[in-house]
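What Swiss-Prot says about this protein:
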type	residues	note
SIGNAL	1-30	signal peptide
TOPO_DOM	31-910	topological domain 'Extracellular'
CARBOHYD	N78	N-linked glycosylation site
CARBOHYD	N114	N-linked glycosylation site
CARBOHYD	N143	N-linked glycosylation site
REPEAT	172-192	repeat 'LRR 3'
REPEAT	217-240	repeat 'LRR 5'
CARBOHYD	N239	N-linked glycosylation site
REPEAT	288-312	repeat 'LRR 8'
CARBOHYD	N311	N-linked glycosylation site
CARBOHYD	N332	N-linked glycosylation site
CARBOHYD	N381	N-linked glycosylation site
REPEAT	386-409	repeat 'LRR 12'
REPEAT	434-458	repeat 'LRR 14'
CARBOHYD	N441	N-linked glycosylation site
REPEAT	460-483	repeat 'LRR 15'
REPEAT	535-556	repeat 'LRR 18'
CARBOHYD	N540	N-linked glycosylation site
CARBOHYD	N543	N-linked glycosylation site
REPEAT	558-580	repeat 'LRR 19'
REPEAT	581-604	repeat 'LRR 20'
CARBOHYD	N594	N-linked glycosylation site
REPEAT	605-629	repeat 'LRR 21'
CARBOHYD	N711	N-linked glycosylation site
REPEAT	814-837	repeat 'LRR 28'
REPEAT	839-862	repeat 'LRR 29'
TRANSMEM	911-931	transmembrane segment
TOPO_DOM	932-957	topological domain 'Cytoplasmic'
Amino acid sequence: MEGFWNSKSIIRITLSFIFLFICHFLDVLAAPTRNLCRPEQRDALLAFKNEFEIGKPSPDHCKIYGIESPRKTDSWGNNSDCCNWEGVTCNAKSGEVIELDLSCSSLHGRFHSNSSIRNLHFLTTLDLSFNDFKGQITSSIENLSHLTYLDLSSNHFSGQILNSIGNLSRLTYLNLFDNQFSGQAPSSICNLSHLTFLDLSYNRFFGQFPSSIGGLSHLTTLSLFSNKFSGQIPSSIGNLSNLTTLDLSNNNFSGQIPSFIGNLSQLTFLGLFSNNFVGEIPSSFGNLNQLTRLYVDDNKLSGNFPNVLLNLTGLSLLSLSNNKFTGTLPPNITSLSNLMDFDASDNAFTGTFPSFLFTIPSLTYIRLNGNQLKGTLEFGNISSPSNLYELDIGNNNFIGPIPSSISKLVKLFRLDISHLNTQGPVDFSIFSHLKSLLDLNISHLNTTTRIDLNYFLSYFKRLLLLDLSGNHVSATNKSSVSDPPSQLIQSLYLSGCGITEFPEFVRTQHELGFLDISNNKIKGQVPDWLWRLPILYYVNLSNNTLIGFQRPSKPEPSLLYLLGSNNNFIGKIPSFICGLRSLNTLDLSDNNFNGSIPRCMGHLKSTLSVLNLRQNHLSGGLPKQIFEILRSLDVGHNQLVGKLPRSLSFFSTLEVLNVESNRINDTFPFWLSSLPKLQVLVLRSNAFHGPIHEATFPELRIIDISHNRFNGTLPTEYFVKWSAMSSLGKNEDQSNEKYMGSGLYYQDSMVLMNKGVAMELVRILTIYTAVDFSGNRFEGEIPKSIGLLKELLVLSLSNNAFSGHMPSSMGNLTALESLDVSKNKLTGEIPQELGDLSFLAYMNFSHNQLAGLVPGGQQFLTQNCSAFEDNLGLFGSSLEEVCRDIHTPASHQQFETPETEEEDEDLISWIAAAIGFGPGIAFGLMFGYILVSYKPEWFMNPFDRNNRRQKRHKTTH
C-alpha cells in the first residue's frame with residue numbers, strides 16, 4: 001500500500017509540474033517579445049550606417065568571392081532587434097554586438113576619426129571588405145581592442161598605417177589587401193604576436209620591411225605581393241616555421257634569394273616573382289618537401305636549371321620564366337610526377353625540344369617560348385589523347401616541318417609555334433584536328449605556302465585569337481570556301497602578311513575587339529563598316545598605303561586605340577574621330593594631314609591619354625582647352641604657330657610633351673615645372689626665345705631645347721632641383737628595362753642627338769636621361785650644379801657662347817656617355833676628372849679656347865682628333881695618340897707648348913720678311929729704270945702740277 005501511494009504521489013507531482021510549465025510557456029508567448037539587442041548598440045550601428053552612402057549593389061563583383069548578399073544594411077531598421085540584422089552577431093547573454101560583417105554592402109564614403117563604430121567596444125570580428133571606404137584607418141578602429149579578426153580588403157583606404165595599430169593585440173587575422181596604403185609598414189604590426197594571417201598585398205608600401213616580423217611565430221600566411229618593398233628579405237622571416245604561404249612577389253627586393261627560406265619546411269606556396277633577385281636558387285630549397293607552387297619568374301636569376309627542385313615531388317606548378325637560366329632542361333624533370341604547369345619561357349635554355357615532358361601524365365601547361373632551343377621539332381611518342389591544354393614553344397630556333405603528331409594534342413586550347421623556320425611548304429590542314437583551340441599563334445613560319453584565311457578558319461569552331469603575322473595570306477576577299485567562317489574571332493593579328501585589301505570577313509566579326517593589319521600593302525580608304533563593330537577596342541592600320549577614311553554614319557564608342565601612322569592619309573583629320581568617345585590613344589603620325597587640329601576633339605578631353613600627330617602638315621595653333629588627362633602629346637614636325645597654350649600647366653598627368661620642328665614663337669615655358677609627372681620636354685627647332693628662368697622639374701628625364709633663340713646665362717643653381725636625373729639610380733634598377741608608354745599597345749618614341757648623330761628612340765627607357773641646350777645663345781659659365789645630374793647619359797651644350805672654365809663637377813657625371821661642348825668660348829683646361837668617366841664614349845671639345853693637358857683616361861684615347869680641333873693650347877700624350885695620323889702643319893702646331901709656339905711664330909715672321917725682301921728689291925730697280933729713262937706722263941704730270949702751283953704762289957706774294 002505504501003509503495004502504491006508513493007507511485008501515485010509521483011505521478012501527481014509530475015502532472016503538476018507539466019501543468020505549471022505549460023501555463024508558464026503560454027504566459028511567455030502572450031508576453032511582449034524581448035529584444036536581445038542593447039539600445040546603445042543599435043544606435044551605434046544605425047549611426048555608422050548613416051555615415052556612408054549606399055550605392056547600387058554589385059552582385060557580380062561579389063559572387064566572384066562567394067559573397068551572395070550585397071547591401072546587408074537594407075535589413076537594418078529602428079523597430080527591429082539589431083541582433084537579427086544581416087551581418088550582425090550578438091553575444092547571446094549580454095546582447096553586445098561582437099561580430100559585424102558588412103562585406104560587399106555597397107558602402108561609399110570616408111572614415112572619420114569619431115566614427116560611431118568606436119562605440120561597439122566588444123567587437124571581435126569586423127569585416128568591411130569589398131566596399132568603397134576611403135581615408136585612413138582611424139583610431140575608431142584601432143581602439144577596438146577586443147578585435148581578433150579585421151578585414152578591410154578591397155577598399156580605397158589610403159595614407160600611412162599608424163603605429164597605434166599595434167594596440168589590437170588580440171588580432172589573429174589582418175587583411176589590408178587591395179587598398180592604397182602608403183609609406184613604410186609600421187613595425188608595430190610585428191607586436192601583434194597572435195597573428196596567423198597577414199596580407200598587405202596590392203598597396204603602395206615601400207622601403208624595407210620590418211625585421212621584427214620574425215617575432216610572429218604563429219604566422220601561417222604572409223603576403224606582401226605588389227608593393228614597393230626594397231632591400232633584402234629580412235632574415236627573421238626564416239624563424240616563421242609555421243608559414244604555409246609566403247608571397248613576396250612584385251616588389252623591389254634585391255640580392256640573392258636567401259638560403260633561410262629553405263628552413264620554412266611547411267611552405268606549400270612560395271611567390272618571389274617580379275623582384276630583382278640575382279644568382280642561383282639556393283640548395284636549401286630542396287628541404288621544401290610540402291611545396292606545391294613555386295614562382296620565381298621575372299627576376300635576374302642565372303645558372304643552369306636548378307636540379308635541387310627535382311626533389312620537390314609534390315610540385316604542381318613551377319614558374320621560372322623571364323630570368324637568365326642557361327643550359328639544357330634535365331630529362332629527370334619527369335620525377336616531378338605531379339607537375340601540371342611548367343613555365344620556363346623567356347630564358348636562355350639551349351638544346352633540343354624536351355619531348356620527355358610529354359611523359360609526365362599530369363602536365364597540362366608547357367611554356368618554353370623565348371629561349372634558344374634549336375634543332376628539328378620532334379614530339380616523340382605522345383599518348384593519345386594527350387591531357388595538354390597549352391603548348392607555348394614559339395620564338396625559339398627550331399627548324400623543319402611541324403610534327404604530324406601535333407594532331408594528337410586534341411585538348412589544346414592554346415598553341416604557339418611562332419618563328420618556327422619551316423623552310424618550305426606547310427600543310428595547314430594538320431591543325432584541323434585541334435577542334436578545342438581558342439588561341440593559335442603560327443606567326444613567322446618562313447613558309448612558302450600561302451594561307452587562304454577563310455579556308456583556314458573553317459577548321460575551327462571555337463577560335464578566339466589568331467596570329468598569322470609574317471606569313472603569306474592570300475587575297476582575303478576571294479576564297480574557295482562558299483560560306484564565311486562561322487566562329488567569332490576576338491583578336492586577329494595579320495601584320496606583315498602582304499595583304500592588299502581590307503579582309504572582308506572582318507565585317508561579320510561582331511565579337512572582334514583587337515585587329516592588327518599593320519605593315520601590309522593595303523591601299524584605298526578605310527571602310528566605314530569597321531567603326532560599327534560593336535566591341536572593337538584596338539585597331540592598328542600603321543605602315544600601309546591608305547589614303548583616307550570612309551565617313552561612318554555613327555561610329556561605335558568602344559574604340560580605345562587607333563594607330564594609323566605611316567600611311568598616305570591626306571586632307572584634314574576626319575571629324576568622325578571626335579565621335580569615338582572612349583578613345584584613349586590616337587596615333588596618326590607620319591602622314592599628310594593638313595589644316596588645324598580639330599577643335600571637336602574637345603569631346604575626347606576626358607578619355608584621350610596619347611595624341612601623336614607628328615610628321616604631318618598641320619597648321620594653326622595648339623588648341624587651348626581640349627585635353628584634360630593627356631599623358632603624351634607629340635605634334636613635332638608640323639607647321640604649328642603661336643604660343644604654347646598655358647592650359648598645358650593644368651594637365652597633371654602629362655609625361656611627354658614634344659613640339660619640335662614647328663614655328664612656335666614663345667618664351668621658355670617655366671610654368672610647365674608645375675607638372676608633377678613631366679618626364680620628356682622637347683622644344684627643339686622652333687622660335688622660342690629669351691632667358692630660361694630657374695625652374696623645378698622633379699621628374700624630368702629628357703629635355704631638348706636645342707636650335708632656338710634662348711639667351712642669357714644659366715643660374716648657378718639651375719639644375720639643383722632636377723631630382724629625377726640625380727636620384728633615379730637610387731630608386732630604380734637600371735638593368736630592369738621599362739619603357740615609357742601605355743604598356744602593350746603603345747610606347748612613346750622620339751629622335752634625339754646622341755654621340756653626334758640623330759638617334760631614333762623607338763621606345764624610351766624610363767632610365768634614359770638627356771640634356772640638349774645646343775644651338776642657342778647662352779653665355780656665361782656652365783653652372784656647377786650640372787654635376788648633380790649623376791644619372792645623366794647625354795649632355796650637349798654646343799653652339800652657344802658659354803665662356804669661362806668647364807666646371808670640375810662634370811666629373812661627377814658618372815653615367816655620362818656623350819658630352820658635346822663644341823663651338824663655345826670655353827677657356828682653361830678640360831677637367832682632369834673627365835678622364836675617370838668610364839662610360840664616356842663620345843666627346844667633342846672642338847672650336848673653343850681650351851688649353852692645357854688633355855686628360856689621360858682610356859675613353860679619351862678612342863676619340864677622333866676632330867673632337868679637339870681649334871683649341872690651340874691643348875697638349876698631352878692623349879692628344880698625340882689620337883692625332884698621330886694627322887700630318888698637316890696646322891695639326892702639329894696644335895700640340896706645341898705656348899713657348900714653342902711663340903718661337904716658331906718669330907721664325908716664320910723672319911722667313912716671310914726675307915721672302916718678301918728679295919723680290920721687292922728687284923721690282924724697285926726695274927721700276928726706277930723705267931721712270932728715269934722714259935719719264936711717262938702718267939707719272940711726271942703730278943710733279944708738273946706741283947711746280948706750277950709753287951710758281952703761282954711766289955708771284956702773288
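Using the three backbone atoms N, Cα and C, a Cβ is placed for every residue, glycine included.
Projection of Swiss-Prot feature records onto the structure.
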residue	record	Cβ contacts under 8 Å, 6 or more apart
N114	N-linked glycosylation site	S140
N143	N-linked glycosylation site	R118, N167
N239	N-linked glycosylation site	G214, G215, S217
N311	N-linked glycosylation site	G286, N289
N381	N-linked glycosylation site	F358
N441	N-linked glycosylation site	G394, L415, D416, I417, S418, L465, D467, Y493
N540	N-linked glycosylation site	S495, L515, D516, I517, S518, Y561, L563
N543	N-linked glycosylation site	S518, N519, N520, S565, N566, N567
N594	N-linked glycosylation site	I570, G571, K572, N616, H617, L618, S619
N711	N-linked glycosylation site	H689, G690, P691, N776, R777, F778, E779
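When the Cα atoms are compared, N332 (N-linked glycosylation site) and N78 (N-linked glycosylation site) turn out to be 69 Å apart. Packing against the repeat 'LRR 20' (581-604) from elsewhere in the chain are residues 537, 542, 557-573, 575, 610-623, 625-627, 634-635, 742, 745-746: each is 6 or more residues past its ends and has a CB under 8 Å from a CB in it. Long-range C-beta contacts of N78 (N-linked glycosylation site), restricted to its own chain and to partners at least six residues apart, with a cutoff below 8 Å, comprise R42, L46.
Note: the repeat 'LRR 21' (605-629) comprises 0 helix, 7 strand, 18 coil (DSSP; helix = H, G, I, strand = E, B).
Here the repeat 'LRR 21' (605-629) has long-range neighbours at 565, 573, 581-597, 599, 635-647, 650-651, 653, 658-659, 742, 746, 748, meaning same-chain residues at least 6 beyond its ends whose C-beta is under 8 angstroms from one of its own.
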